[in-house]
Amino acid sequence: MSVPQQPLILQRGLEAYETTFAAMRAFTDARTAATADELWIVEHPPVFTLGLAADPSHVLDPHQIPVVETDRGGEVTYHGPGQVVIYLLLDLRRHKADARLFARELVNKIEQSVIDTLAAYNLACERKPGAPGIYMSDGPAQGAKIAALGLKIRGNGCTYHGVSLNVAMDLTPFTWINPCGYEDLATIDMQSLGAQTTLAEVQNALANRLSTSLSR
């Protein structure tokens, strides 16, 4: 099987979650075997999203922030200003004829891209078995979650949804939910850890790492 081409990177800017969600599904409905893979960089206004495994009781008090049901995997999470969100619109059959065999490798590639992006800012992070996402591995914030991921993989091997990385956020809304279904799970962002950067810089860094990783 030939090496897949690098996905196209599109910057969608600040966009309501419902708009992006509808656009991802429409793109995936319309794509053909010739459609290029794409990575969408987005920043969302405040929103809580529920994955297919979500227990609505994990939204403790939404404080008038919209709560949107989605078709991604996983539990409840929060998106808001100052967070990098990258959606991966991919055809996994370009990597393996049986797309299901590539799904775990895809998650590993996403997680490693986040780990490598954070390492460039001297932030040490790690995976946790059975708990998708990226967590701080040392220091005062050890164990705090800094990135979340959730995907939809259709039966034809096409994916959407993706990964979020906290850069410079108001983290308070995370205390109004059980993030990813875990009670009292601490969350953190790069700014709180002393990283000197901008949202745009991290958006580009993570998108480029993902694009390169997915073309290997």
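Cβ coordinates are placed from backbone N, Cα and C, and glycine is handled just like the others.
Annotation source Swiss-Prot lists domain 'BPL/LPL catalytic' at 33-216.
Counting Cβ atoms from all protein chains shown, TYR78 (substrate binding site) has 27 others lying within 10 Å of its own Cβ. What Swiss-Prot records for ARG72, GLY73, GLY74, GLU75, VAL76, THR77, TYR78, HIS79, ALA148, LEU149, GLY150, GLY162, VAL163, SER164 is substrate binding site, and it gives sequence analysis as the kind of evidence.
Counting only same-chain residues six or more apart in sequence, the Cβ atoms lying under 8 angstroms from the Cβ of LYS145 (site 'Lowers pKa of active site Cys') belong to GLY133, ILE134, TYR135, PRO179, CYS180, LEU185, ALA186, THR187, ILE188. In the three-state DSSP assignment, the secondary structure recorded for LYS145 (site 'Lowers pKa of active site Cys') is strand. According to Swiss-Prot, the site 'Lowers pKa of active site Cys' annotation covers LYS145, on the basis of sequence analysis.
Under the DSSP three-state reduction, CYS180 (active site, acyl-thioester intermediate) is assigned to helix. Cβ contacts within 10 Å of CYS180 (active site, acyl-thioester intermediate), excluding its own Cβ and spanning all protein chains shown: 22. Per Swiss-Prot, the feature active site, acyl-thioester intermediate maps to CYS180.
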Cβ neighbour count within 10 Å of GLY150 (substrate binding site): 23
Tertiary neighbours of VAL76 (substrate binding site) (same chain, Cβ under 8 Å, six or more apart): PHE48, THR49, LEU50, GLY51, ALA54, ASP55, HIS58, VAL59, ILE177, ASN178, PRO179, CYS180, GLY181
DSSP three-state assignment for ARG72 (substrate binding site): coil
